Amino acid sequence: MAISSPSQARSVGNPSPRCVKSSTYPFLGNILDIDPDNFTKSLGDVYMINYGSYRDVIVTSRKVAQELCDESRFCKLPGGAIDRMKRVIGNGLFTAETRDPRWQSAHRVIAPLFNPMRIRGMMDDMRDVCEQMCLRWARFGPGVPIKICDEMTKLTLDTIALCTVDHRFNSFYRPDGIEEPFAEAVVNVMTDSLIQSNLPDWINNWVRFRSMNKFNRQADELRHAIEELIESRRKNPVDRNDLLNAMLSHEDPETGQRLSDELVVDNLLTFFIAGHETTSSLLSFCMYYLLECPDVLQKARAEVHATVGTSTIMPEHLSKLPYLESVLRETLRLRDPGPGFFVKPLRDDVIAGKYFVKKDQSIFIVFDSVHRDPDVYGDDADEFRPERMSQEKFDQLPPCAYKPFGNGVRACIGRPFAMQQAILAVAMILQHFDLIKDESYKLKIHVTMTVRPIGLTMKVRPREGLRATDVNLRMHQASGTATPKPLASGTDGSMLTVTKNGPMHLAIVHASNSGTSEALAGLLASNAVDRGLGVKSISVANDIVEKLPRDVPVVIITASYNGEPSRNAADFVSWLKSTKQHELEGVRYAVFGCGHRDWASSLFAVPKLIDSLLSTNGAEQIAQMGTSDTGGSTDIYSDFEDWTTKFLFPYLNSKQEMKDTKLNSGADTRDVDLHVSLGKPPRVAMRKGFAAATVTKNRSLSAPGVPEKCELELCLPDGFTYKAGDHLQILPRNSSNDVQSVLRHFHLEAETLVSIQSAHRNKRLGLPLDVPIMASELFAAYVELGRTASSRNIHVLAGLVRSDKPKIKRILLSLANGESYKTEVLDKRISVLDLLKQFPDIEISLAGFLSLLMPIRPRSYSFSSGPNWKPGFATLTYTVVGAGKLVSKAKMTEHVAMSMRGGLASTFLSTLSARDDLYVSLDPASPSFYDDQSVSCPIIMIAAGTGIAPFIGFLQERKLSLAHTALLQGSKKAGPYARTLLFFGCRGPALDSLYTEELAAFEADGLVEVRRAFSRDHTAAGSNGCKYVDQRLAASAEELVELWRLGARVFVCGGKKMANNVFDVLGPLFHEADKLDQKTAEDDVGKWRTTLGKGRYAEEIFI
């Protein structure tokens, strides 16, 4: 390939970068000549390539890249494939120009959402998805190749969806070969964007028109999918501090405006696309290098074993895995998911000391080359050697030697999220598996907008010879996320002590873009009060310009952003620079700085500057400056508390500003001034036997498109015992959306105190009488806002319609009677509250409204676990009932649409997250619905949907019982149980076939034979052509009769219709068998059933 001479020097004497000549068709420029590897290795530090209609300058040198990362001369250009992605993700943070007001506003709103505290709080959701992947691998066994890129894409897509918008794609529950449509569309649009960026528009529009049509169609599909998520959240709001809620509700701190819906869509798509593809690439290449470098793999595993052992990985573990972080850094150095980025000059400029570039000229920095600079990384720069990325060596890297997360203000704000997810994923994989390399694999690269290895597979073997079930148990052993709680007993005698006898106060000042400093300010305020200090004020830095307090010590907590102050500290720093010597005398101060080592050149620059300016101009430093590196080996909160304990508080104590306060290295010994007694909430105290359990996990078990099935894991109160087959009563709460609707309707504040008196106390059981209670708590926890309105309720409401609205009264009266009531109210679960919202002309008092409601009653759910499965814990399996469908209220209401109500309890359960409390009480099963663990009695279990719950508990207990017996007998396997069948009906194998892996393990152990029926996919394997479970029973009639004659017990769990259909099949069969065996003389099946022995045919019917 020939290279032209540099162009003639400009008037300033500097040539443009040399341009690669086309070797084939000049009108196509270098399109047919592009070979990324050859370009980066053979054409020098700076050159230019021609795409026919435009040219790009290419830079491969670290030194020149350092120039281009100077944001006073150059800014990011969303060029190339990124520019083409605007059709998909609009003006998101990835694609919009920095000076675009939409980018600036979105950045101000979104950047604080990625502070360390929020990211740390996402750990449970990240672990949830990672556990799904690991359990899937364990159940595949060591003989099945794992397609690494596919698995990592599932992991990262599901994680970012769950953490940011509380949505589950459930990718790991899809059959192999059936890709999540969203993920498939993402890969397609990214691939086509890259192709488009390398071709002239006339080729894209005229030659590639079919590809462009597909690209545009999939872009619309992706945007529509995000729009649906947003609409769903608005219709079904959740009290969750996630990215979606924040983007919909937070205001731009400068303009006071919220983000438009279009910008919310743009940025959510940006996170989904840019976030999951890049992290998937990082994890895929990390697996490749670990497989290629056994010594690195062994060292990384040893670190995980020493730090975590076999316990559940917690947030505090991640900062104690420095070698694993070095492995990921080295992976990013060699295989940056995004091979570079574009910048443009802010004005005509000269780069590399000699090349002229015009204003707005697109310049591409190839970081694949910059990251392999031998002057920085040595002659072995192309080799994978994590030791070169140890913290000590990493801190010594020259500027711009490592930029996988971009530069400056346009650096990736999701970096902490990606690194936490990546460290967690690799640590969990190494903790639980031995990795088996495919010796025949040779690295091949696939380039879209990111880079990933093609065809990479490995096999995995659970470590230490564990079986898949053992891996599952190990993942959920004592984790520290929750501990068994004592049963509440009115008052537990606990004391909270706070002293306020210190005469001094603190002024706390914070400044950061991400909100981290603000969180630390709140922590300091709490700790200061605990130690006897008052807090005079908590302010942002810009608010104390020329107002630095002199009467109290000032603690300033701040961060740097590429060497510059945060937005809310810029004025403060500017003012400090203008102060003169002695001007700040009398000010006593301490500074704490936050930063991240990946920006080593500007680490703690602003905190150091503030500390220096204060001291130089007369202020007194009361404690040495503290710092915390959020990329370091400890977490920021520990660093901060260590600093306050060792330096700040001891100084204050020595100056007698914390009188009568004992420090004792942060010990919790304090003078008693305030006594706080803890007791049960009134709604719990009114019901005997209820105590608090703690949620440890809440996971979805079904795919989109069917009513959601979920499993809730609870840490039970201490002393709580149950049997497999028992039920758990729970106290639900109304949705925050319904509570807010009531408050708005009656013009109440959430904190308004309401007192209820009644002359007929016995009619108001369940309501708090004669005691003040906050309105928000009354409507959340005491009355059922979603209960279907009775015909009488509607008649009462009709009588309260304003006299000048006769039409509304007629509508209500028509709804209260006959078929209209059944079809338009009862079937659609329309509540009194729904009617008040729909018809504001109903004039009802608060007392009248309460009189129409029923107290909230407990709901019962079957345990889906056995008591010995995980002592102290239990699971419930439930269906989220019927929320979300739009229904027409009635013809006579002019087809006004109303949302069908979901079930109160199931909707409430679906909102719970780890560490939430739930009040529970034991509800024993019928004596006939227990498995007596008889080894000689056959069992026939029949279930539909979540009716499978008690049978999972039965099988768990049987498995553990066999294992215990084998242990006592000194053999590997105990004798088998009698034949056990499970007939299970659901919609389809890829939709809601619950506990597939668990049941497969039970079958492999010889504990059960599973027979399925799929109502939406009766041709699927395993259904024997049956849509419903009664059909499957009829197909097995002969063997069922044989088992009945052997004394089999039958257990049925499901809805009333299903149970009736089951008996319609089995009743005549078993009745006839008993007649033939002369065990009954009854000719009537119904009468025969009443003569059966206890537990011979037992039913649990859903109500």
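In case you wondered, yes, glycine gets a Cβ from its N, Cα and C as well.
For the recorded site, T278 (site 'Important for catalytic activity'), the DSSP three-state label reads helix. Sequence-distant neighbours of T278 (site 'Important for catalytic activity') (same chain, six or more apart, CB under 8 Å from its CB) are P337, G338, A418, T450, listed in sequence order. The feature site 'Important for catalytic activity' is assigned by Swiss-Prot to T278.
Feature annotation from Swiss-Prot assigns heme binding site to C412; the stated evidence is similarity to another entry. All protein chains included, C412 (heme binding site) registers 19 other Cβ atoms within 10 Å of its own Cβ. According to DSSP, C412 (heme binding site) sits in a coil region rather than a helix or strand.
Under the heading region 'NADPH-P-450 reductase', Swiss-Prot lists 484-1103.
Among the features that Swiss-Prot reports, domain 'Flavodoxin-like' is placed at 506-648, with the record citing sequence analysis.
The FMN binding site annotation in Swiss-Prot covers 512-516, 560-563, 591-623. Residues near V606 (FMN binding site) in space but far in sequence (CB under 8 A, at least 6 apart, same chain), listed by position: T558, A559, S560, Y561, G563, E564, P565, S566, A569, V573, G593. Under DSSP, V606 (FMN binding site) is assigned to a helix (H, G or I) in the three-state scheme.
The domain 'FAD-binding FR-type' annotation in Swiss-Prot covers 688-932.
Taking the C-alpha positions, the distance from S512 (FMN binding site) to C412 (heme binding site) comes to 16 Å.
In this model, the region 'NADPH-P-450 reductase' (484-1103) carries an average pLDDT of 83.
The separation of C412 (heme binding site) from S612 (FMN binding site), Cα to Cα, is 30 Å. A simple way to gauge crowding: the CB of S612 (FMN binding site) has 13 other CB atoms within 10 angstroms, across all the protein chains here.
C412 (heme binding site) is 18 Å away from C594 (FMN binding site) when you measure Cα to Cα. The domain 'Flavodoxin-like' (506-648): residue composition by secondary structure is 62 helix, 35 strand, 46 coil, according to DSSP. The two recorded residues, C412 (heme binding site) and G618 (FMN binding site), have Cα atoms 39 Å apart. Sequence-distant neighbours of G618 (FMN binding site) (same chain, 6+ residues apart, CB-CB distance under 8 A): Q581, H582, E583, L584, E585, G586, V587. For C594 (FMN binding site), the count of additional Cβ atoms within 10 Å of its Cβ stands at 29 [all protein chains shown].
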